[in-house]
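Participant: Take this structure first; my questions come after.
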Amino acid sequence: MSSAVHKRRPLLQKQQDDEKDDAASNSIVNYGPFSESNILYWILGLRLVSIPLVQTYFAPDEYWQSLEVAHKLVYGYGFLTWEWKLGLRSYLHPLAIAVLFFAFKYTGLDSVSMLINGPRICQAVMSTFADVYFYRFVKEHFGKDLAIWTTLSLCTSWIWFYCASRTLMNTVETALACFAMYYYPWNLGMKQSEVTWKISKFTVITSLSVVLRPTSAAMWAPMYVWLLYKYFRHSTILVKMFLKIAVLALLTLAIATFVDRMIYGRWVFAHYHFLHFNVITGQGTYFGREPWHWYVTEGIPVITGPHLPLVAYGVYLTCRKRIIHSCREKVVSTMLLVICGSTVFMYSVPGHKEHRYLLNLVPILCFFSGISMRSFNRKWKKLAVAWLVVTNLVMVLYFGLVHQSAPLKVVDFLQKRAKSDLKYNTELTGQFALFLLPCHSTPYYSHIHHNVSMHFLTCHPDLEGYGKREYIDEQDTFYKNPKQWLDINVLQSVTPSNKCPDNLPKHIIMYDNLLPDVLPSISMCYASCFTTFHTHFPEGKTGQNMWVYCRFPNNDG
């Protein structure tokens, strides 16, 4: 009898320890800064803090496909890239920013700071509600405990902090994904009226996502297939539901097409043009080609960062059904895996790939990270939280304030120079700035906010031969022989009697790796007036520092 009692004690002690760990876990859920009632305010504060903490350059589309287009719509000047000339883009996203710009202009609040930070604040608010809706989605189907751990994982994600306040289409796409996940009718046992209402919202959101980024269809296709499959035996309901989905999707597409018709001035079917250019002609690879496995071997590891081992373990637990407590949890967790798989698979088919294309999967990946942390005991929970906070904080501060920080500092310098010059002159004659950088390396008129003459090295693909002929863009022509390009395009008016004519660009911007090739040609008329650090890891055509050379004020140099 005594021996049996002693054998039961370790089991009893283990059960008590597990209960203490669960209680400790729940204490994080129910009290303190992570309590449910405070989630909205803490996330909003976090997203707003990201604005001053993210002051670096990430992707050209953040400026050239949103702010720059909106600036041209409202102020009449700005640069439209080749995509807008071919009709590959819908105006819905820049139009939303243009409405904000118009409000600033109408109220006299259209300072450069407001034009730059206003859209970022709006995007940060949208990302906040996306986080909250994803929290509600997880809570509804997996419970409050996992919802908290998922949200904690999402809030410590370096890539989401880095992008949540950026005016990227990918950021909008990610927010729409969170909203759509919440409204998807996962529980078909609800009243039919409630299911119909959810399907309507889900269809409008996903249709808008596809209108903005056609490739997002890869994410939603499995969910629509599963929905139609569940109603396959109910022909009457299936037909009604299919018609509702089709009508709402076509209505959303029609509204977007009408908006494009009004702004383009002609009928433009951006989605067809997008597919024709990137799939049929295959010209998307003009901007880079990566191997088919790139998203698995580099894309996901980079965007998950320190979360990667937790995400991997969470996927393992899901596949082993270690977290499944109901049929609905099985359906939802399996569908999330399928969404990740289908998205990565479809995105891997085109040759051109970028890290930001996977941004819409970050909330789902953080869900699997949350599964890992929920399964840990108290000690490992603390270690996991400490690991995520410390490592992601280091990455956020470095990538948000240091890495690729030169472009925003340079255009801020140029904006102040333009403002100072225009203070004493009603207009500036000649070219104000020449950017001898890889194309779209800096923001443009949306950050200068003065209608001055500027030029950058273009890099659009062959828009006439569709890649079937030998073609070299302006950027590659320049880097092939910088001195020759300068002699032909910039210094052609220089003569022995007038070595520094007034029609020379007032500012020339370049990376330090270009100085040996360019300085001998311009040193007689230019001197360095601003330099700033760019990156510790220069590659390709970029350098470690970015330089601005200013033309001498007098003609004799």
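In case you wondered, yes, glycine gets a Cβ from its N, Cα and C as well.
Got these off TrEMBL a minute ago, pasting:
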type     : residues : note
COMPBIAS : 1-11     : compositional bias 'Basic residues'
REGION   : 1-24     : region 'Disordered'
TRANSMEM : 91-109   : transmembrane segment
TRANSMEM : 146-163  : transmembrane segment
TRANSMEM : 168-184  : transmembrane segment
TRANSMEM : 204-229  : transmembrane segment
TRANSMEM : 241-259  : transmembrane segment
TRANSMEM : 299-319  : transmembrane segment
TRANSMEM : 331-349  : transmembrane segment
TRANSMEM : 355-371  : transmembrane segment
TRANSMEM : 383-401  : transmembrane segment
Participant: Mind checking which residues of the chain, 6+ beyond the ends of the transmembrane segment (168-184), have their Cβ under 8 Å from one of its Cβ atoms?
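Facilitator: Here the qualifying positions are 58-59, 61-62, 65-66, 93, 123, 126-127, 129-131, 133-134, 136-137, 140, 160, 198, 201-202, 205-206, 208-209, 212-213, 216, 219-220, 223, 356-357, 359-360, 362-363.
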Participant: Can you see whether the transmembrane segment (146-163) and the transmembrane segment (241-259) are touching - at least 3 CB pairs under 8 angstroms, only pairs 6 or more apart in sequence?
Facilitator: no
Participant: Under 8 Å, at least 3 Cβ pairs, sequence separation 6 or more: does that hold for the transmembrane segment (355-371) versus the transmembrane segment (299-319)?
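Facilitator: Output yes: the transmembrane segment (355-371) sits against the transmembrane segment (299-319).
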Participant: Hey, which of 241-259, 299-319, 331-349, 383-401 has the most Cβ-Cβ pairs under 8 Å against the transmembrane segment (91-109)?
Facilitator: 241-259
Participant: Counting only pairs at least 6 apart in sequence, do the transmembrane segment (299-319) and the transmembrane segment (241-259) share 3+ Cβ pairs under 8 Å?
Facilitator: no
Participant: So what's near the transmembrane segment (331-349) in sequence-distant terms, Cβ-Cβ under 8 Å and 6+ beyond its ends?
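Facilitator: Answer is 141-142, 186, 215, 218-219, 221-223, 226, 292-296, 299-300, 315, 318-319, 323-324, 357-358, 360-361, 364-365, 367-368.
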